[in-house]
Amino acid sequence: MKAIAEALGGPQPRRRWYESIAGRLLLAFALISALTVVATIVAWVRLTDLGRVIDRLTGRSLPAVSLSLELETATAQAVAGAAELARATGDSQRTARLATLRAQTAEVGRLLDQLQRTAGMSPQVGRLRPLVEDIAGETARLDETVQQKVAIAVRRAAATAAVTPATDALSRLLAPLADEIIFDVTLTLEDVAKGRSQAVEGISTDQLPLLQAIYEARTTIATVATLLKQVPTVEEPELLVPLQDQFRAAGDRLWRSLDMVAAKSKVAAERFQQVRGAVDGLLRLGEGQGGLFDLRRAELAAQAAATVRQAAFQAIGRRLSDDVTNLVGAAETEAGEASAATVQGIRASRLWLLVIAGLSLALGILVVWLFVIRYMVHRLVELAGSMLAIAQGDLAAPIPPARPDELGDMSRALTVFRDNAREIHTARDEAERARAAAEEASRTKSSFLANMSHELRTPLNAIIGYSEILLEDAVDRGDEDSQPDLRKIQTAGKHLLGLINDILDLSKIEAGRLDIYLEDVDVQKLVGDVSTLVQPLMQANQNRLVIDCPADIGAMSTDLTKVRQSLLNLLSNAAKFTKAGDVKLDVTAEPGPDGVRRIRFAVTDSGIGMSEEQMGRLFQAFTQADSSTTRNYGGTGLGLTITKHFCVMLGGSIDVTSVPGTGSTFTIVLPDTGAAAPAAAPGRSPIAGRAAAATGPTVLVVDDDPVVHDVLTATLVRDNYRILHARNGEEAMRIARATPPDVITLDVVMPRVDGWSVLGMLKSDPMLAPIPVIMISIVDDRALGYSLGASEFMTKPIDRQRLLTVLRAVVDKPRGGLVLVVDDAPEVREFIRHVVESTGLKVAEAVNGQEALAWLEANGNPSLILLDLMMPVMDGFAFLDAMRATPARLDVPVVVLTAKELADEERTFLAERTMHVFTKGMQSGQSLAAALAAIVARRPERAAE
């Protein structure tokens, strides 16, 4: 403010009052006011005469018209209120509408009294009073009729509501009887199948009629319930007769069916007595004095009576409305006479008002012309033009000279604002340049992360891959001295790869590009897996891991990967900062404030603890509790940051409490919107029926649905396949290890252990990895199945002929095939050659896209192309465009193996041109080899189809 005052020229001298705009306006208004006083005196005389005329109009005529119109409206509302009362369907509704109708009737009486007092129209009002009294009496009679109708409707509604519970109770009583009868018939059918003649006679004479009777009884119960539920919808009494006849006929059929069941079944008499009691209760809802049919007839009769009362009320209302209309006409006539007298007074006063208005207008125009327009508006227009020019960016626009008045102050202030705008414009230009630099830095960072992820993952992939190969060779040679060092190299490489992935995950989180994949997660299994993974970390510091997880905690709907990584981060930190102590994981379920169950994971250690200041820096990226933490314990400070982001993304939270020297407790609370997985169906023998006697290839069927087992058994036994059965993932692994099959069919959605986990365990087991796996499920996720090593993917319902074709192709699939590896890193090509040739496939190599195109021209199409993206001369994207331009190569499958961090448009490009995209270092060599072998094997299978 001080700077602005200085820019305005310092404190201004006080102006004389007649130099200011306010003073000059005051003079102008004084002249106008003097003329107004004169005009007021003249008008006062004329308006006094006019007032007497208007008093007559407003004191009597207009109130009479207004009250008559209100009376007409109140009468119409009372008639409408009677109709609403007649339509009442509940006692509370009837009471409310009756109160409204009585209030409306009372309003009619009040308006009549007020009209008589105000307008003095006693004769006309006197004729209306008897009609108002008739309305009051008719209201009482209508209410009595409606009350009877509502009472009947309540009883009818209660009887209707009892139909469904009675039907359900009877169905629950009949269900066990039906199951027993069906079981007996099933046993008899098995005897028939074994050729027992007595069973044939039994099923023809007793059990088939008995089975027909129990089914007819259950069908008739549904018919009875349907007929009873139709009763409230009948609107005419005569239509109830055929409906009641159908109800009685259905009741007779039901009793006959139950008598036959009682006579021919072995069910105890007391159980049949319960069924008879339930049947009798259901039929009584329709028959008898309190039955639905009689109640509906009474309800329709009461409704008709209410309609009659409503018509009588409306007749009285019409008479009252006609009389009120006449009353309105009389009031309007009187008002018209008063209005004519008022018009005459107004005409006499109009001339005087015109004279006064003309003089005032002339003086006003003169003042406006001389002072407002010439002295003020012209200067304001100039100031407005300067302001608009400055607002549009013309900071060099001229400003009118300042005079010693208020407008002069505005000119000086505008000058200050223009100078400030120049400064702001300069600062904005500098900010734009800074923002452009920041955006360029962000793009540079993203490019750097993408390039560095490729440059780091590629050699790490080679390190991890070769360490796996060397470790396998050392195990085969029995070289126990080298094995620990090779495991350390492999562990260090995976640790460094995990660190790189953490940095990229944090970058994705900050950019909002990290997705959530919800699934049903078995909490106990999750805790067990995490415990297994962190056990070596605990042993390294002589710590004891204590887990408290209730056995009945069930499952939760969440992102398994993110929850597992969060728990691993917390437990590994606890193990790292605790020496020879206890680390405890408590898992509990608790209700949330919104009714959604929440799962609480609490990790408590007895380590070094933290202060309040240290906890304040805990969840910052690349930051640890203090500067000595990294030096003494290692780490990057990313784990807790990523964990907090994961918890927030999943709709939960993470909190920490700690005491220096005593320990810390980290608590994760996550919402659970799912339900626990259902228990698996009771198992049966792995080999069943004719499948046990088959001599062909063995097929292990893994599915929690018994119907799938029956369908596949019936389909495959005809082709001499030997069938093994497993109801869940654990049983499947046990059977596969004990009796390795030739082929495995695997469902995805199963309790406890899902199909993806089973597929991963199969392909990670050296003894089971070569077994072909056919995924059969409702869930169509071929990409994931193929990436995990599945040989084929089929969706339910199962095409039996295609299944047999696929099985024959998988069992009898030819060995061999050629994989073209396109990668500029020789160590990657060597590693892939090693793992791919271990599956029986041949390998050809190319160092870039251009060399790969030349190889294709010289050698033709391979079985599969394994392609890197970032290569010199011609990268993978350009190679795909060039290869797909040749129609003969459109059927060649392409799998991408890259360390590049892909953008969304790059993923879309690859999804249209390749089968799969794998990230280097994210899968073992064995898993990659199994996936490639499965893809190569599918090519002859497709030809077979």
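Backbone N, Cα and C atoms are what each Cβ position is placed from, and that goes for glycine too.
If you look up TrEMBL, you'll see 21-45, 351-373 marked as transmembrane segment. Taken from TrEMBL, the feature domain 'HAMP' covers 374-426. Annotation source TrEMBL lists domain 'Response regulatory' at 698-811, 818-935. If you look up TrEMBL, you'll see Asp747, Asp868 marked as 4-aspartylphosphate.
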Cα separation, Asp747 (4-aspartylphosphate) to Asp868 (4-aspartylphosphate) (Å, whole number): 33
Model confidence over the domain 'HAMP' (374-426) (mean pLDDT, whole number): 76
The domain 'Response regulatory' (818-935) - residue tally per DSSP class, helix then strand then coil: 56 helix, 23 strand, 39 coil
Secondary-structure category, per DSSP, in which Asp747 (4-aspartylphosphate) falls: coil
Helix, strand and coil residues within the domain 'HAMP' (374-426) as assigned by DSSP: 39 helix, 0 strand, 14 coil
Helix, strand and coil residues within the domain 'Response regulatory' (698-811) as assigned by DSSP: 50 helix, 23 strand, 41 coil
